[in-house]
Structure formats: structure tokens, C-alpha cells
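Chemist: Starting off with a structure, shown below.
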Amino acid sequence: MHVEAGQVHGFLGPNGSGKTTTLRTLLGLIRPDGGRMAILGHEVPGTLDQVAPQVGAIVESPQFFPHFTARDTLSLLAGAGDLPERRVDEVLELVGLRDRAGERVKTYSLGMKQRLAVASALLKNPRLLILDEPANGLDPGGIREMRTLMRNLSEAGMTVVLSSHILGEIQLICDSVTIISLGRRVAFGPVDEVLAQHSSGAVRARLEAVTDLPAAATALTRAGVRVTTNDDHLMLAGVDKPATVTRLLAEQGLYVSELAPIAVDLESVFLELTATAPVPGQHRQVDQSVRVDGAEPSVPAGGGWGA
Amino acid sequence: MSLFRTELRRLAKRRFARWMTAGGLLVLVLVAVGMFLSNQKIGPDQFAEARQAADRQHQEQVRWAEQERANCERAKTAGEDVDYYPADCADITAPPRESIEEQWFLPSTFNFRESFGEMLIPLAAILAMVGFVVGASFVGAEWNTGGMMNLLLWRPKRLTVLLTKLGALLTGLLALALPATAAWFGSMWLVANWRGTTEGMTSGTWQSFLITGLRGIVLALVAATLGFALASLGRHTAMALGGAIAVMVVGQVGLGILLSMAQVRFAEAWLLPTYVYAWMTKSLTLEDWQACNATYTGECNPATLDITWQHSSVLFTVGIVLFLGAALWAMRRRDIT
């Protein structure tokens with residue numbers, strides 16, 4: 001996993017795939033059993049104490065001492081980090097908790113705790129921000145604010161690593177992604193590249209007359225195109241240039257009314273790469289996802305949620 | 001240093017620490033007030049009253065003896081079988097006046113020189129209890145609520161964090177214990193002045209009291225360290241509190257009963273309170289009444305075993321090394337989840 005400075009990087013994986021474990025290990029909370037890690041050029045965990053002042057992080061659900069106010073909580077963290085007290089007000093303002101800062105954390109909703117967690121991570125004005133599920137519990141407005149905040153921080157030069165299951169958000173705000181499954185990387189790179197790599201190249205073709213579909217399918221198959229015939233359209237695979245389809249069919253006197261490349265989104269790529277797409281009638285277990293060491297995912301069995 | 005100051009602030013902000021401190025101080029105030037109310041200064045009036053009370057009791061005894069002698073003689077004359085009376089009714093006599101001591105009737109008074117040493121024990125016990133519980137809660141709640149993890153994201157040196165927290169706890173406890181002990185000296189001195197006596201105090205006595213007070217403070221620090229270490233080891237306040245209850249109920253009461261049933265010699269030597277008491281009183285002599293150490297006069301004395309404050313200090317040191325060492329080891333080795 002490699003994160004370029006100044007980027008917003010999405011870190012994705014199914015439940016139990018090891019995202020939080022990876023982040024905890026990176027932050028020195030879990031002892032690694034091998035491998036190499038570096039943050040901002042410093043090998044960790046060996047030099048973590050040198051790099052920690054430049055790393056802001058929230059790991060998993062936000063946890064705070066419930067009887068302290070948000071201001072006390074941040075003030076104590078600022079004290080531990082030798083930061084000026086005014087920084088507390090700045091981050092409270094930034095995450096929208098200014099007016100509720102004097103209330104005890106135990107009275108906060110999950111979304112407010114999440115905002116406080118983000119505030120605690122931002123307190124150091126870090127060069128690297130690691131956020132594990134920052135949108136948990138946020139209302140739609142909060143999610144949009146968080147998205148804007150991440151963008152602004154990134155534009156200001158902060159590197160952001162974001163772990164989330166809200167893939168639409170990741171696709172919107174991340175420059176690059178790493179997708180893991182059962183502790184192993186299955187995809188990595190800029191979002192556009194990952195999407196392009198896993199784009200099927202499929203094209204959907206409709207004809208002016210539905211009755212022409214069989215003839216069109218025959219002509220395209222003869223030309224080497226893989227065709228799947230549906231009731232009102234054809235799905236074409238292995239098409240380099242959509243223009244060849246129109247020319248080929250026109251030569252046969254068949255006229256195309258729609259020719260649309262099938263776009264993939266991060267969610268479908270994620271589901272494909274991790275093999276975690278729901279299968280009707282089956283209950284997938286949490287560890288049933290793709291292994292990159294070659295082993296096939298185990299066949300879903302009965303049981304699971306609601307079983 | 002900033003972490004130490006922050007941890008001191010955190011300790012002072014903890015509501016539980018504040019309530020426990022207030023509760024402990026309140027108990028001490030109540031004890032002092034109780035001492036004030038239950039003691040009196042003894043002067044000529046009190047001695048006169050005591051003499052009168054002793055006289056009254058002697059007269060009652062004389063009346064009772066006369067009445068019983070009369071009953072005895074009447075019963076003997078009637079030929080009743082009364083074996084609870086002596087053979088000669090004239091043997092029923094009242095005790096002499098001098099056997100009823102006047103001091104028995106004196107009101108309770110607080111003799112500073114004789115009693116203040118013992119009064120330092122409740123002070124030490126309360127400070128130790130506050131130290132143990134606050135120490136356990138201070139780190140236990142941090143683990144339990146995720147505060148420790150948050151802190152480690154800022155300060156990744158785990159042992160430094162844990163030891164700084166402990167340092168802040170002990171500093172906070174000292175800040176409570178030193179003034180509380182000084183106030184205890186002062187209040188008991190005032191009680192002795194108003195409701196007893198301060199006579200006979202020498203520099204040696206003062207020195208002895210000061211050292212006992214110091215040992216009380218050390219006891220509180222030891223208790224706080226143990227509570228802190230246990231809660232950190234179990235990552236929950238309940239680990240320390242539950243452990244303490246288990247030790248007291250199973251380890252002490254249960255063990256005490258078992259040792260007593262097994263008729264083990266000097267059973268108290270296996271119980272923790274013995275060492276706490278010995279620590280505070282410098283030494284404690286246990287007696288085994290099932291043994292007979294004959295003297296040259298033929299008297300049978302029990303065998304004895306002296307537990308000294310040095311024994312206690314060894315026990316406390318071993319406890320701290322064991323539990324704090326384990327807590328530090330766990331802090332260094334175990335994952336933070």
C-alpha cells in the first residue's frame with residue numbers, strides 16, 4: 001500500500017478484511033509480525049514517536065471519556081501534545097461543534113462523537129490524516145461537510161487516508177484507492193485507473209426494430225464479438241471500438257438506435273474484486289471473500305444474518 | 001512534562017476522584033467531630049464526680065451483700081437446700097471500697113501522647129482506600145472508554161505514558177495526603193487541648209508520630225500503585241476493585257477460617273491486615289495459645305511471633321514489583337484494541 005503525499009486515498013475492504021488492523025498496526029497499537037511500514041518517510045513502529053506529532057488519526061468508532069465535555073477532551077489532548085489552547089477552538093469550529101463544546105460527551109449522538117473524533121485528529125494540524133469510517137453516524141449534511149473538509153484539507157497539502165464502506169463517497173473524494181480482501185491487496189492505484197482496469201468493455205446495443213436482434217447477434221458473432229441477447233437489447237463484449245459495431249450492422253441493413261458503453265463504479269469493482277456481491281438465496285459469511293494467494297473463496301453456506 | 005501536567009489536570013477533572021476525595025475527607029471530619037463529642041477534659045470536677053460514682057457503687061454493693069446475707073441466713077434457718085449460698089453466710093461481704101477504682105467512672109478523655117498513634121491508623125486506612133480506588137479508576141476508565149488508545153495516538157511511547165500517569169496519580173495523592181495528614185495532626189491536637197490532654201509530649205514522641213504519619217502516606221501510595229497496576233493489567237477499573245474484594249473475602253476471611261480450622265500456628269501471619277497493622281504500629285506480636293513457654297515460676301506463656309514494619313515493607317515491595325511489573329509488561333507487549 002502506497003499513499004502519495006497530498007492525496008486523498010481510499011482504503012477499502014469487506015468486513016473483517018483487515019483494514020482497521022492495518023491502520024492500528026501502522027499507528028503502533030498492534031505489534032506487526034513482519035513486513036515494513038513507513039509514514040512520512042519514517043520507519044514505523046521504530047520511529048513512531050518522531051512521526052506521531054504529524055499524524056492525526058481516528059481508529060474505528062469514536063471513544064471518549066463520557067463525563068468530560070468536548071472542550072475538556074480536546075484540551076487534554078492538546079495539553080498532551082503541547083499544542084496551544086486556541087487550536088481547540090479552531091477545530092471545534094471546523095467540525096461544527098463550537099456551540100455544543102461545553103456539553104458532556106455522553107450526551108452526544110454518534111454523529112457528534114464522530115465530529116469530535118475528527119476534531120481530535122485535526123487538532124495537531126497533521127501532515128497525514130488517517131480516518132477510519134469517518135462518516136459513521138453522520139447525517140447527509142454531515143457527510144457532505146466531511147467530504148468538503150477532506151477535499152479542502154487535501155488541497156491545503158494534507159495527505160488523507162480514508163477507510164470507508166460508503167463507496168460512492170470514496171469514488172467522489174479519493175484520488176487513489178487500495179482494496180484489500182482477507183488481509184491481502186487486490187487492487188491499488190488512482191481511482192480512474194482501477195475503474196478502467198476492471199471495466200468489462202461491455203457495450204449495450206439497441207436496434208430500431210427488436211425483431212432484428214437475432215440477425216444482428218449472428219452478424220456480430222461472426223465478426224468475433226461476444227454477444228448476449230436480451231429481450232430488447234444486445235450486450236456486447238470484446239468490442240475495441242463501438243464504431244465497428246455500427247458499421248458492421250449498417251452493412252447488414254440493421255440500424256442502431258442506442259450504443260452505450262457500460263460504465264463501472266467503485267462499488268461494482270469492489271464487489272467483483274472481493275467476490276462479496278450478494279447471491280440470491282445465499283447468506284455470505286464475513287470471511288467469504290477473495291483470497292489473492294490463489295485459493296478459491298469458500299462456497300457460501302446457509303446461516304448468517306437473520307438465519 | 002506537558003504529559004505529566006495534562007495527566008494531573010485529567011486527574012483533577014475526574015468526577016470520581018473528586019467525590020472519593022470529598023468522601024474520604026468527610027469521613028475524617030466525622031471521626032474528628034466524634035472524637036470531640038465523645039471526649040471530655042478531666043479536672044477536679046470530673047474527679048469529684050468519679051469519686052461520688054465509685055462511692056455510690058460501693059454502697060450499692062454493701063446493700064446488695066447485706067440483702068444476700070440476710071436471704072442466705074433465712075434460707076439456712078428454714079432448712080432450704082440452697083447450694084448457691086456459701087456454707088457460712090458471713091462470707092457474703094461487699095468488696096472493699098478501694099477495689100472500686102475511681103478512674104473507672106471518669107469520662108472518656110483524649111490523651112494525645114497515648115492515643116494519637118492509633119488515631120493515625122484510620123487516617124492511613126482512608127487515604128489508602130481513596131488511593132486504591134482512585135488509582136484503579138484513573139487508569140481503568142481510560143482503558144475502558146478508549147481514552148488510553150487516543151492518548152497513545154499522540155504519545156506512542158507506551159511505558160512513558162503509563163508511568164507518567166502513575167506519577168501524576170501519586171503526585172495528586174501526595175497533594176491530598178500531606179495536607180490531610182497535617183490537618184489530622186492539627187485537629188487531633190485541638191481535640192486533645194479541648195477534650196483531653198497534650199501533656200507528656202516530647203520531641204521523641206513527635207518524631208515517632210511524624211514517622212507513623214509518613215508510613216501512613218507511604219501505605220496510601222502503595223495502595224494507589226497496586227490499584228493502578230491491577231486496573232491497568234485488567235484494562236478495567238473492575239479488575240482492581242473485584243480483585244480487592246476477592247482478596248478480602250476469599251483470600252482473607254476464607255483463608256482465615258481455613259487456617260483456623262487447620263489450627264495453623266500464627267494464622268494471622270498469613271493475612272494481609274496483619275502486615276498493614278504492623279506497618280503502622282512498627283511491630284505486632286502474634287501469640288500462639290496452644291503452645292506453652294514455661295517460665296521459671298512455672299507460668300505457661302504463649303509462643304510469640306513478631307511481625308515488624310520491615311516484614312511489611314518486604315511484602316509491599318514484592319506486591320508492587322509483581323503487579324506493576326506485570327502491568328508494564330502487558331502495556332509493552334499487548335495489543336491496544
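A Cβ is built for glycine as well, from the same backbone N, Cα and C atoms used for every other residue.
Per TrEMBL, transmembrane segment is recorded for B:16-37, B:119-141, B:162-186, B:206-231, B:238-262, B:314-331.
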Chemist: Considering only Cβ pairs within less than 8 angstroms, which of the stretches B:16-37, B:119-141, B:238-262 has the most against the transmembrane segment (B:206-231)?
Modeler: B:119-141
Chemist: What else in the chain is close to the transmembrane segment (B:119-141), if you only count residues 6 or more beyond its ends and a Cβ gap under 8 Å?
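Modeler: Hits for the transmembrane segment (B:119-141): 10-11, 14, 16-17, 20-21, 23-24, 27-28, 31, 35, 147-148, 162, 165-166, 169, 173, 176-177, 180-181, 184, 188, 209, 212-213, 215-217, 219-228, 230-232, 234-241, 244, 276-277, 280-281.
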Chemist: Which residues of the chain, 6 or more past the ends of the transmembrane segment (B:314-331), have a CB below 8 A from one of its CBs?
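Modeler: Answer is 158-159, 162-163, 166, 219, 222, 225-226, 228-230, 232-233, 275, 279.
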